[in-house]
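J.: Grabbed the feature section from TrEMBL, which reads as follows:
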type	residues	note
COMPBIAS	188-213	compositional bias 'Basic and acidic residues'
DOMAIN	724-828	domain 'Small-subunit processome Utp12'
REGION	183-222	region 'Disordered'
REPEAT	323-364	repeat 'WD'
REPEAT	365-406	repeat 'WD'
REPEAT	451-484	repeat 'WD'
REPEAT	500-525	repeat 'WD'
C-alpha cells in the first residue's frame, strides 16, 4: 500500500527478535537484555512488560496462536499466549525444555501445533512435543559440523530440514505421521505432574513443567517411540565462493527454501529435491533476516549493516520494494517549499529524497565522493543543492533525477555550509579551510564572487527570505551581513563573545537568531545591528555521560552548545538541538523554554545516561573498554586455530546520541530532525485530540445535525468548528449542496475562512470527493482572496499545506489522464488501420 508507520512505543535497548501472532493482532518485541513488550498491533499500544533475565535468541508463536516458545541460554521456554480475554498476567509459563548443551538459536512449529523443533550452537537439533506424547517427548538430531541456523518442518508432517552455518542442509524423515502421536496414559501423566508440583513447593515462582532431554537415550527409552532417519545431505557452496550462511526461510506450501549468506548472496531452492531456482546478490553486506509472505510470491530481506530492506518477487525477478538508509549518520536535511518532500545528506556521500506522507525514500543521488555537509531546496521545489567535503556543490533535478550542475572553487576547498537565495538564482557555500564564501550563478554555473573577511572556518550561511542579504557565521566570533545588491559589500558585522556555530533568519526576515559555543542563543535586529534578546540554553541541553568519559555529565555540559537552530513557520518559536538527546522549543518573544522533546530512549546508544552504571566499573576501568563479541557470529572468519579474535579492523562501537539538523515544515504542521536514530518527523496531525474553539453550551452534535436539516449551512459549519470534531466538520461540509457552496462561502466570517481552508487541506489527503472539495477551495480563495492577502504571513503555512495536498492529487490524476489519452489514441489508430485495410 506504499505506506510506512512508526509505532508510538520503544524498548530500552535495540530490538533483537520479534514474534508475530498468527492472526496478526499481537507482537512480542524483545531487546538485547531480554526485556519484552507485548504489543497490540490494532491499538498500537503496550499491553504487558516482561523480563526474561537473559538475552533471548528467538521467539515464535504456535500456528493455532495458543502458545509461544522463546529460546535463551540452552533452554526453550513455552508460555501460554495471551488470549482475547483480559488477563492479570499475560505471560504464564507452561513448560521448560532442557536438552542442548550450548545456546539455542532457532524455532519452528508443526502445522497443527503439536510439536516444535529447536536448533542449537552445539550443532544438534531437538524435536520436542508441545504436550507429553506417549511416542514423542523429545528427540535429538545431529549430522552437522557447525551452528544450526534454521530448522523447518514439512507441511502437515514431522519430516524436518536442518540448515547449518557452514551451508549444509540435512533432510530428516520421520517414521510417524502427526496424527499417529498418542497422548500419554492418564496414570503416567499424573505421576509426572505430581513430581513437578512437589519441586515447585520450594520455589518462589512456579517454573512450570520441566522436560529434560538426553542426547543418547538408552534402548528402553526409545522403544515404541518416534524415529528419525537422515535421507539426504546437501551442500550449498560447491563452487567454494560463499562464506557463512546467515539466514534462511522456508515456505511450506510451495516447498521454497530461501537462504542468505554473509557475502550478500541469496539462493532459492525447491525442496526436497534441492533444485536451484536462482541465485542472486543483493548487497555486499551480510543478510541478517529473511521472511516469505503467506502466498510465497514475495521474499523480504533485511541487511542490518546497511540498514537495507528489500522485497523481491522471485517469479518475475523484480523488486517490489527497496529501501536503504544512510550508511553512516545523517548530517543535514531540508523541506521542499510545499512540505511534501524531505532531502537528507549523510556522511556516506549520499543525498536521499523522502516522501513525507509515505515515509519512503524514492531517489538517491550518489555523485559526491565524500561526506555531504549541507542540503537545501530552491524556492520552486524542483532543484536540490548539496555541499560536500569533496570540494563540490551539486544541483540535482527532481524532474529527470540527474546532476545537472556542479559548482567548484578555483582551488580545492572543503565546503561546510550552503545557502540559496529566495529566487533560486544565487548559490553560496562556505569553506572550512580557506575561510572564504563562494558565490555562483545557478543559470550559468559560473563563479560570481569570492567573499573574504572572516578569520576562521565558516560554520553557517543563511539568506534573508525577504531581502538580498546573506548572513555568514564563523569561528572568529563574528556574524557578517553581505548585501547582494551593493556588490557584496559587508553591510554589518555582529560581534559575539564566543565562536558562532549556526545562524538562522526568521521566515519574515526581520530577525536573526545566532547560536554560539558558549551555549547562548542571541536574537538580533540585523537592520540596526542591535541585540534584542538572548536565551541561556546550555542547561536545557542536559548532556548524557559517555561510557569512556572521565568527567561527569554536569561538568561535560559546561562546554556544550546548540549546533542547529530553526524558526517555526510562524516565527513565534525556535527549535534548538545539539550533542544531546533533547530538542528544545523556545518562545522567542518570552525567551522561555516551552517544551523539551526526548528524541530517543534507546540505551544501546552512547551518552544516554546521566550517571554511569557503577556495576560496569571495575578496578581496571570501565567494562565498556573490553571489545566483546568479535568472533565468528557476525560473519567474521576466524583466520587461525586458537585465535580468539576475528578481523582486527572490526569493532563494536556505540554511536553517540546527537541531533545534527532541525527543520520546520513550511506547512507549520510538523518538524523534522536528523539524529543518530535516523530521520525523525514530529507532527501535529496524528492522533485524536479534542480541542474545542469558543465552545458554547448550545453547541452539541444533535443541535448541529438539527441546523443542517434546517438547511442553515453557514451556522452549522460555524457550530461544527466550535466543537472541533473532525468527523462532524466533514459531515457538515459534505452535506452542503454543491450549488450552494458559493452562497455559504460568501457568508462565512473571516475567522472561519482560515479554519475551513485548513480543514480542506487535511481532507484532500484522505477524501475521495476531489471535485467537491476543489469547488470549496476555489470559491473561498476567489471570494476572500483580498482579505487573506493582508494576513499572508500568518496564513502562509495553511496555504502551503493546501497547495501540497492539491499538488499530490494533480500529479496522480495527470498521470492517469495521460495514460488514458495514450490508450484512446492507440485504440483509434488501430481502428483506423483496420478501416484502411478494408
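Cβ atoms here come from the backbone N, Cα and C positions, even for glycine.
Automatic, uncurated: that is what TrEMBL annotation is.
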J.: Please report, as numbers and ranges, the same-chain residues at least 6 past the borders of the repeat 'WD' (365-406) whose CB is under 8 Å from any CB of it.
T.: 328, 331-338, 341, 343-353, 412-420, 422-424, 427, 429, 440, 442, 445
J.: Other than its close neighbours in sequence, what residues sit by the repeat 'WD' (500-525), given a CB gap under 8 Å and a spacing of at least six beyond its ends?
T.: 459-467, 471-475, 477-479, 494, 531-538, 541, 560-567, 569-571, 574, 576, 586, 588, 793, 796
J.: Over the domain 'Small-subunit processome Utp12' (724-828), what is the model's average pLDDT?
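T.: Here the predicted model's pLDDT, averaged over the domain 'Small-subunit processome Utp12' (724-828), is 85.
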J.: Run through the repeat 'WD' (365-406) and tell me, per DSSP, how many residues are helix, strand and coil.
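T.: The counts are 0 helix, 24 strand, 18 coil.
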J.: Per DSSP, what is the residue tally for the repeat 'WD' (451-484) in helix, strand and coil?
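T.: Per DSSP, the residues of the repeat 'WD' (451-484) fall into 0 helix, 19 strand, 15 coil.
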J.: Where DSSP helix means H, G or I and strand means E or B, what are the helix, strand and coil counts for the domain 'Small-subunit processome Utp12' (724-828)?
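T.: Computed counts for the domain 'Small-subunit processome Utp12' (724-828) are 95 helix, 0 strand, 10 coil.
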